[in-house]
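Participant: Pasting a structure here, questions to come.
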Amino acid sequence: MASADHTRDPCPYVILNDFGAAFSMGTIGGAIWHSIKGWRNSPPGEKRISAIAAAKTRAPVLGGNFGVWGGLFSTFDCAVKGVRRKEDPWNAIIAGFFTGGALAVRGGWRATRNGAIGCACILAVFEGLGIALGRMNAEYNRPVAPVIPDAPASGSTSAAPAAV
């Protein structure tokens, strides 16, 4: 049985921290993405202005979407940890299932089911890759015993062979 992770803050702080981190990642990534998109889809002579305008209008929206996903996922992750009283990869997969379903619930039963299963599968792949990379990294960083040179043969102390 895995023990609780005491290196992180309590859940309310973790939820707010994850929401902010996801919002920041979405906003920065959205600014880069939408500025490139605005640059490419503008007439000559207005490329810089269009890139800035596209980034200013669309990046906060993408940041908000990322933030909602991160906050919901972190909330469900803390709830699952509290219910299961375990710290293992299944928590993230279950939280991903709930997050995908909650975000798609406005689309009806089929969208909720597909969103929940899809998000759980994505989180399962992420968790599996994390475990595989962790094992691979642990194998490379395994302690190795130092090489001890062989002891000289007994009875022969000189380096030169005896004369016959």
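Heads up, the Cβ atoms here are built off N, Cα and C, so glycines get one too.
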Participant: According to Swiss-Prot, Cys11 takes part in a disulfide bond; indicate which of Cys78, Cys119 is its partner.
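Facilitator: Of the listed candidates, Swiss-Prot names Cys78 as the partner.
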Participant: Including all protein chains displayed, how many Cβ atoms other than that of Cys78 (disulfide bond) lie within 10 Å of its Cβ?
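Facilitator: Excluding its own Cβ, Cys78 (disulfide bond) sees 19 Cβ atoms within 10 Å.
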Participant: Applying a 10 Å Cβ distance cut-off over all chains shown, what neighbour count does Cys11 (disulfide bond) have?
Facilitator: 15
